[in-house]
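Annotation source TrEMBL lists domain 'P-type ATPase N-terminal' at 22-87. If you look up TrEMBL, you'll see 81-99, 281-304, 324-349, 873-894, 906-926, 955-975, 995-1013, 1025-1048, 1068-1090 marked as transmembrane segment. The feature Mg(2+) binding site is assigned by TrEMBL to D397, T399, D816, D820. Residues annotated as ATP binding site in TrEMBL: D397, K398, T399, E501, F542, K565, R599, T679, G680, D681, R790, K796, N819, D820. Feature annotation from TrEMBL assigns active site, 4-aspartylphosphate intermediate to D397. According to TrEMBL, the feature coiled coil maps to 613-647. The domain 'P-type ATPase C-terminal' feature in TrEMBL is assigned to 842-1095.
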Amino acid sequence: MTFWTGMDCFRKKERELERKLRANDREYNLSFKYATNAIKTSKYNPFTFLPLNLFEQFQRIANAYFLFLLVLQVIPQISSLSWFTTVVPLVLVLTVTAAKDATDDINRHRSDNQVNNRKVQVLIDRKLRSEKWMDVQVGDIIRLENNQFVTADLLLLSSSEPLNLVYIETAELDGETNLKVRQALTVTGDLGEDSEKLADFNGEVRCEPPNNRLDRFTGTLTYVGQKYPLDNEKILLRGCTLRNTEWCFGLVLFAGPETKLMQNSGKTTFKRTSIDRLMNVLVLCIFGFLAFMCTILAIGNCIWEMNEGSQFMIFLPRQDGNNAAFSAFLTFWSYVIILNTVVPISLYVSVEIIRLGNSFYIDWDRKMYFARYDTPAEARTTTLNEELGQIKYIFSDKTGTLTQNIMTFNKCSINGKSYGDVYDYTGQRLEITEHTETVDFSFNPLADPRFMFHDHALVEAVKLEDPEVHAFFRLLALCHTVMAEEKKEGELFYQAQSPDEGALVTAARNFGFVFRSRTPDSVSIVEMGEQRSYELLAILDFNNVRKRMSVIVRSPEGKLCLYCKGADTIIYERLHQSCSKLMDVTTEHLNEFAGEGLRTLALAYKNLDEEYFNQWKQRHHEASTELDNQESKLDELYEEIEKDLLLLGATAIEDKLQDGVPQTIEQLSKANIKIWVLTGDKQETAENIGYSCNLLREEMNDVFIVSGNSPEDVRQELRNARTSMKPVEDSMFLPERTLGKGVKVIADELVNGEYGLVINGHSLAYALEGSMELEFLRTACMCKAVICCRVTPLQKAQVVELVKKYKQAVTLAIGDGANDVSMIKAAHIGVGISGQEGMQAVLSSDYSFAQFRFLQRLLLVHGRWSYLRMCKFLRYFFYKNFTFTFVHFWYGFFCGFSAQTVYDEWFITLYNLVYTALPVLGMSLFDQDVNDVWSFQHPQLYIPGQLNLYFSKKAFFNCALHSCYSSMVLFFIPYAAMHNTVRDDGKDVADYQSFALLTQTCLLFAVTIQLGLEMSYWTAVNTFFVMGSLAMYFAVTFTMYSNGMFLLLPSAFPFLGTARNSLNQPNIWLTILLTSILCVLPVVTYRFLLIQLCPTINDKVMFKVRRAKATPAPPPLRTRIRRTSSRRSGYAFSHAQGYGHLVTSGRFLRRPALSASSGFANIGRTTTGFSPMGRSAGYSPTGRPQNAKVPDVEVTSLQMYRTIRDPVF
């Protein structure tokens, strides 16, 4: 894609109020200048790279400063240093940074080209032609085939499936793999795949302008004089994948950057770490201090010239016009050049190298490699590593990030008996592992081979034809809206609108009640090998208010029955009073299931009277054809018939968490990191996962639910929650701290106890309004955990921005779908989960890996080490350079303020480049206070990073004071030691060159010893760097001060023989020893007193490490604590209203199933070989293997309370 094409994609135009387009009319559609389907995420092209990149780099204050210095150094009247001492490091820094930026942008270009050059069939000139994605335009008709990505936002016209249905997977949009259904208008569905008819189609669409609302669409289609309404059920969004549909045709409505996927991508911002921001402030302070020092020295020069300099005019006459004031002016700029080492350019080179090295550690970490998907961790940016050690808030998606989106049928309770646990011959419950024996379903040729269950007692009850057990699984096989597909005899595939339903129908299938096919008025199942067809009389569909669904069926024997499943609290309200005893026992089971974090629902049934049902059906028909209050009238009818139910039992489904999620959340919580879950799931589902992963706990004082439907309700609920946590109000702002542009920082408020907050999407919309956002933020930040349900991608980003705006804290967002992209871009650090749910989140992230559990290693190990190393580096770097520079300042008072350097010019050039570069890099790349095992055992080690304790303005000020003291020792001790001193042979050693050599040698020893004190972890590499740098100093010094170098270039090497004449004197070495001791003595004393009187968490842990003298053994595995729960576990049919109306209307049917022969062997009552073992089974909408691990539960001895004798079973 050319640069101009990309620019065309993003052409600014007037705000669009309504989209108008005509099918197959490019000329008409081009008049509106709609965006093409090309996308552009890159920043540069070959022509703009150099100017734009240099412009960006010189926006960094330090780079502009060094450019200014370079200009000064080419002025001979000012400069006392050669120009190459500045230009070489500056060019090196600019080149390295430009190369890195170019590499990143080339990768973005490749990604763009890969997407833009995908092929799709477009109807052009009455023929289907293969075109690139970027050439597709609004108004084109395109053909998609099975498993293809949707090219742009399309209006579905026709499909290969009956009644113009298509099945799509939206994993790229929301991380969900359960299939969703879309249906075309009948008038366009009749076009089929006839190219002539499609080419003649000239319908006009008027619809909403481009926006980021994924769940809403409004528009109209005008065709042949008729207007047809369009909604979200007829739209295919870019990023979706076509599944189980041979082909479909669609009309392009939005293309490229105007698609809802790209509209949700958020703005790409340049992310900088808090240390970077602090550095900019400090650099400005340093510049001010540099100007202050230069001003003092210039004033001193002026005074000296007037008092002392005039006496030398006979020998050194001034040039015409040069007076003391002008001399002071030139001296000011000369000292600007000499003292520029307070901010050496090598600082920025070193920082980039350190960040790059720590990024490689993340890339190379085998403990963050996920073998199943062959996915290593990847640091996609190298500029944010130390920020990983300062995270205070984590914002996480749920589906695909915390969970695997795989539901497993784990346990159940049938007529008062619990199934699913494993016991040995003594009756003790056993822990279930992957080696535990599974139930043999070979008696059932239609069983799903991926389904696993371990409790032989349940399958034995099925084979013994226990009527309650049969009724239980019959209900699961009949009461649902799942669609069955059977392309080969006996190979069944279920398409469920939610993974929960799929798991339940799959469980019934394996236990001998196989859902085979459906028509609008019948459901065919195979019951223990016998084919049976039930007449489907009504579906009382699920929605978020009813929290249940029912079906009314007529059995082949002619009996009418209502089957109902739903949230247990809802079902219990509608049970017959005869079920009270069974209800108590089932409640006990439900508490056990919910306590283990399983998703539960209750099952019940009711036999219906034929006469009553006919009357009810008539009233139902009348209500369903009403125009006014249709929903409320239907709800009344549903309430009427769904009462006096008889309880059958309950199911428990595990929404499988990713491995290690609860442990990771617990560790991060101990590190004082607050975790907010932002999910599109409904409240019950999200709350249930919150308990499963230890985010919400039964031990919490309270979990507040905010679900108000008006701003006043939401505000009151937030205030009530805050009052409960903290009855006494105080100031919400920190009066002395503000962020940029006058935004005040909200203080962390202490509360007694731990609390959780759950808020719905519609309530969150009110809470994020300007008048209420602070109310929401205060309340949420007082809670240990926050869960936001039913949130849109934009709301996710708004929540992150809100915390960034008012809290002086570092945020991290982690997700796996395209709906998380805006959140990932908004946070300080964005992490993408790579693997099964698409790559949109990864492409927008700063770091990526395959499993949520790796986050604790990224933060508690790599992040903490990176932050610790960077802070140590900056403290030491400023120390050594301030010390180096301040010696110049003191020397100015003894050299007539002449801007003469106190050191040899070669030492000045090589000090940061050779003598001190490798030791500090070694410390910054290899140092660690404790190893990774101790870091995990003591997550509190992470807290100092959140509080900026290792490097701050205070630490910088202390560093400057330390440097000032050291520089005075390093200047005045050698000065006094050499004053009026002679060699042991009686010759004078108090010359400038000898003093320069002694001072720079003392300096190098002092800063090297200080480095040794800073280092906690000595390696062979560190030791080599330190010793090698000292050896290099002496080797280079003796070489440059040799006769040979002087003879080659006398002007460049004037220190002839200084090294061999000075360094052979004992008093010189005694002076070096004295200055080194005096420099480090205050540091050693201070640290000793600090550790003794006020030890930090690091000091305490390092003391424990020294006492242990070995890496400790890993902590023992935690045993699962039994707990009961007063809450009800979530019941999730789907994220939206069910498809019952589609099923009964006949508009939801796939191709007819093959001949439904049962294939069962004859099953008798006699069974052998059963052992009392138990385990769960799994349903995955994408057919992935499951490796479920079930928590231990306590066995409960229960009796059968009721026997079903009704002939309907």
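Glycine is treated like the rest: Cβ placed from N, Cα and C.
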Given that the record lists D397, K398, T399, E501, F542, K565, R599, T679, G680, D681, R790, K796, N819, D820 as binding ATP, what is the largest C-alpha to C-alpha distance among them, in Å? 33
Could you break down the residues of the domain 'P-type ATPase N-terminal' (22-87) into DSSP helix, strand and coil, giving a count for each? 31 helix, 1 strand, 34 coil
Near the transmembrane segment (955-975), which residues from the same chain, at least 6 beyond its ends, have a CB less than 8 A from one of its CBs? 282, 871, 875, 878-879, 882-887, 889-891, 894, 902, 995, 998-999, 1002-1003, 1006, 1071, 1074-1075, 1078-1079, 1082-1083
Other same-chain positions with a Cβ less than 8 Å from the transmembrane segment (995-1013) and lying at least 6 residues past its termini are 876, 879-880, 883-884, 887, 902-904, 907, 911, 915-916, 919-920, 923, 966, 969-971, 973-975, 977-978, 1026, 1029-1030, 1033, 1037, 1041, 1055, 1058-1059, 1062-1063, 1068, 1071-1072, 1075-1076, 1079-1080, 1083-1084, 1087
Cα distance (Å, whole number) from G680 (ATP binding site) to D820 (Mg(2+) binding site): 10
For the transmembrane segment (1025-1048), name the stretch out of 281-304, 873-894, 906-926, 1068-1090 with the most CB-CB pairs under 8 Å. 906-926
Compare 281-304, 324-349, 906-926, 1068-1090 by their Cβ pairs under 8 Å to the transmembrane segment (873-894) and return the stretch that comes out on top. 324-349
Which of 324-349, 906-926, 1068-1090 has the most Cβ pairs closer than 8 Å to the transmembrane segment (281-304)? 324-349
Pull out the binding-site residues from the set F542, R599, R790, N819 whose C-alpha sits within 10 Å of the C-alpha of T399 (Mg(2+) binding site). none
Could you round the CA separation between D816 (Mg(2+) binding site) and G680 (ATP binding site) to a whole angstrom and send it over? 13
Cβ neighbours of F542 (ATP binding site) where a neighbour is any other Cβ within 10 Å: 27
Given the transmembrane segment (906-926), its same-chain partners at Cβ distance under 8 Å and 6+ residues beyond its ends are 81, 85, 89, 341, 344, 346, 350, 353-354, 357-358, 869-870, 872-873, 876-877, 880-881, 884, 996, 1000, 1004, 1007-1008, 1011, 1014-1015, 1017, 1019, 1021-1022, 1025-1026, 1028-1029, 1032-1033, 1036-1037, 1040, 1053
Positions on the same chain near the transmembrane segment (1068-1090), where near means CB under 8 A and six or more residues out: 962, 965-966, 969-970, 973-974, 977-978, 989, 998, 1001-1002, 1005-1006, 1009-1010, 1013, 1062, 1096, 1099
Ranked by the number of other Cβ atoms within 10 Å of their own Cβ, which of the binding-site residues R599, R790 ranks first? R599
Counting across all protein chains present, how many other Cβ atoms fall within 10 Å of the Cβ of G680 (ATP binding site)? 28
